[in-house]
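Visitor: What Swiss-Prot records for this protein is below:
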- Lys32: SUMO2 cross-link (CROSSLNK)
- Lys45: SUMO2 cross-link (CROSSLNK)
- Lys53: SUMO1 cross-link (CROSSLNK)
- Lys53: SUMO cross-link (CROSSLNK)
- Lys53: SUMO2 cross-link (CROSSLNK)
- Lys340: SUMO2 cross-link (CROSSLNK)
- Lys343: SUMO2 cross-link (CROSSLNK)
- Lys388: SUMO2 cross-link (CROSSLNK)
- Lys411: SUMO2 cross-link (CROSSLNK)
- Lys437: SUMO2 cross-link (CROSSLNK)
- Lys451: SUMO2 cross-link (CROSSLNK)
- Lys523: SUMO2 cross-link (CROSSLNK)
- 328-475: domain 'Helicase C-terminal' (DOMAIN)
- Ser24: phosphoserine (MOD_RES)
- Lys32: N6-acetyllysine (MOD_RES)
- Lys33: N6-acetyllysine (MOD_RES)
- Lys40: N6-acetyllysine (MOD_RES)
- Lys236: N6-acetyllysine (MOD_RES)
- Tyr297: phosphotyrosine (MOD_RES)
- Ser480: phosphoserine (MOD_RES)
- Ser520: phosphoserine (MOD_RES)
- 248-251: motif 'DEAD box' (MOTIF)
Amino acid sequence: MSGYSSDRDRGRDRGFGAPRFGGSRAGPLSGKKFGNPGEKLVKKKWNLDELPKFEKNFYQEHPDLARRTAQEVETYRRSKEITVRGHNCPKPVLNFYEANFPANVMDVIARQNFTEPTAIQAQGWPVALSGLDMVGVAQTGSGKTLSYLLPAIVHINHQPFLERGDGPICLVLAPTRELAQQVQQVAAEYCRACRLKSTCIYGGAPKGPQIRDLERGVEICIATPGRLIDFLECGKTNLRRTTYLVLDEADRMLDMGFEPQIRKIVDQIRPDRQTLMWSATWPKEVRQLAEDFLKDYIHINIGALELSANHNILQIVDVCHDVEKDEKLIRLMEEIMSEKENKTIVFVETKRRCDELTRKMRRDGWPAMGIHGDKSQQERGWVLNEFKHGKAPILIATDVASRGLDVEDVKFVINYDYPNSSEDYIHRIGRTARSTKTGTAYTFFTPNNIKQVSDLISVLREANQAINPKLLQLVEDRGSGRSRGRGGMKDDRRDRYSAGKRGGFNTFRDRENYDRGYSSLLKRDFGAKTQNGVYSAANYTNGSFGSNFVSAGIQTSFRTGNPTGTYQNGYDSTQQYGSNVPNMHNGMNQQAYAYPATAAAPMIGYPMPTGYSQ
């Protein structure tokens, strides 16, 4: 549409440059490291009658969309698992051209070889272009970034030019610098095509270049709350012109304790703005934030309304003890690294554990690198770049990287430490199986995590995953008060030490319990050669086991005494079956790893560049 197009360089001849007062460009920035961030910001008292008017409804329904019947719309929404709440929600667009984006935006879309809008884009674009407030709840990797960036470009093109001293028109708040940088990378390509300017404001990087961008004028500012409040307090930018506000991963920002900063920032923005809130979950804290910041909003949910994981992810849970994790991790990595696609993220709970595990794996020759919040921005950026380009295919991370980390070809996620909530679990495993791809998530679950066992089982059942019988046993133990102390995991502790080893099943009692839980015909959670979300034996019924697993191929393989299939959930070990098990798999279709009689020579150490201590 011609009304959307704009070939004007909005930053041309505005005369923005360095201040001519001498001294530091940064000026007297707040040096307080502790205290109350934003305490210098005064809540503005807005008088809408005195504010300049602005337009925010630019949506014109495409003729093809107008001819689509309500029944066709409902059929499409059901097929894409789109749930809509709110009044007067526009119809979803089924093709890019139906959104009526400017020609230069469509050119970028064509270069990126997108075939059709994702579900959240199809329903989100008409809502955002209509100027309505909205909440979008969708799983990771669903295309949320373009869902708000492309309508933002249309919104900006219909606003007056920025003048000297004006702040951004579009503000995107993100929880982490990694996510902010990724949004900036996406925005930069479209902004170049539309002759707009964008910048990324985050902590851990020099303030000078960021201030320089703001002084020159930017239409789009992607920022983390802390650094933005710092700049607002010292007067390096303002939000007087902001009419399009995006809260990306709002649930994560609340988890990280940013709610006070978010509220102080929103107080600086005119109340008749358009606000879009995006989240992967919909807890009561996010609902309250939406009620406070949004007006008559449209709620769009993609997928199940309850807490759910991506169904393209094969989830494997190993119930074990903390002392067994290292051995299990190494055996798992030996199989994963023999795969052609082996990019893996290992999540741990603490920064100390991240550093210790990284040092240990690198000492043993594994190409691993670590990332957590105490790393400098330069080092974090370098580590992520090495991981993205496959130079270090093993990334050991805390939850700082669990949200918004968008690496397309991550095939495996390992939860070395189980997170504190099922929401974090879903976000962690969501680093694999981006878009329509498949992936595998392994989780070490210990008795210390028993408070999360019910939620984890619910997530597994919703995604039609096989459930480890030991998880069900933990639920029973918890109900009978035997989950901790003398009664908890009684058999596991006795079996672990009675055989003198700490790995797998080492006693006849363990095998007996194992047979009872799965039936004597099945010694594994999944059928023959299950690979990355392809459920070759899907005959589990309502989470029950034993005779309900009726795959004839599996039964035959075990009756013949030559078992094949998958090495899943820690219920099998080389010591148990010995040479009778030719194939040991971890949810992958590959040749068995041949465990040598003596320790193999370590791999060549992966060199760390100078300047980064381990």
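Residue numbering: from 1, along the chain as shown.
Each Cβ is built from the backbone N, Cα and C atoms, and glycine gets one as well.
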Visitor: Out of Lys53, Lys236, Lys343, give those recorded positions positioned within 10 angstroms of Lys411 (SUMO2 cross-link), comparing C-alpha atoms, in sequence order.
Guide: Lys343
Visitor: Between the recorded sites Lys45, Lys53, Lys340, Lys451, which lies closest to Lys236 (N6-acetyllysine), Cα to Cα?
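Guide: Going through Lys45, Lys53, Lys340, Lys451 one by one, the closest to Lys236 (N6-acetyllysine) is Lys45.
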Visitor: Quick one: average pLDDT across the domain 'Helicase C-terminal' (328-475), no decimals.
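Guide: Averaging the confidence scores along the domain 'Helicase C-terminal' (328-475) gives 91.
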Visitor: Near Lys388 (SUMO2 cross-link), meaning Cα within 10 Å, which of Lys40, Lys45, Lys53, Tyr297, Lys437, Lys451 (recorded positions)?
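Guide: Among Lys40, Lys45, Lys53, Tyr297, Lys437, Lys451, not one has a Cα sitting within 10 Å of that of Lys388 (SUMO2 cross-link).
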Visitor: Compile a sequence-ordered list of residues in the same chain as Lys343 (SUMO2 cross-link), six or more apart from it, whose Cβ lies below 8 A from its Cβ; state 'none' when nothing qualifies.
Guide: Phe387, Gly390, Pro393, Val407, Asp409, Val410, Lys411, Phe412
Visitor: At 10 angstroms around each C-beta, which of the recorded positions Lys40, Lys340, Lys411, Lys437, Lys451 has the fewest other C-beta atoms nearby?
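Guide: Each of the recorded positions Lys40, Lys340, Lys411, Lys437, Lys451 was scored by Cβ atoms within 10 Å; lowest is Lys340.
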Visitor: C-alpha of Lys437 (SUMO2 cross-link) to C-alpha of Lys340 (SUMO2 cross-link): distance in Å?
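Guide: That separation, Cα to Cα, works out to 16 Å.
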Visitor: Does DSSP put Lys45 (SUMO2 cross-link) in a helix, in a strand, or in coil?
Guide: coil
Visitor: If I take the alpha carbons of Lys45 (SUMO2 cross-link) and Tyr297 (phosphotyrosine), what is the distance between them in whole Å?
Guide: 23
Visitor: What whole-number Å value do you get for the CA-CA distance of Tyr297 (phosphotyrosine) and Lys451 (SUMO2 cross-link)?
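Guide: Here the two Cα atoms are 35 Å apart.
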Visitor: For Lys340 (SUMO2 cross-link) and Lys451 (SUMO2 cross-link), what Cα-Cα distance in Å is obtained after rounding to a whole number?
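Guide: Distance between the two Cα atoms comes out at 37 Å.
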Visitor: Run through the motif 'DEAD box' (248-251) and tell me, per DSSP, how many residues are helix, strand and coil.
Guide: 2 helix, 0 strand, 2 coil
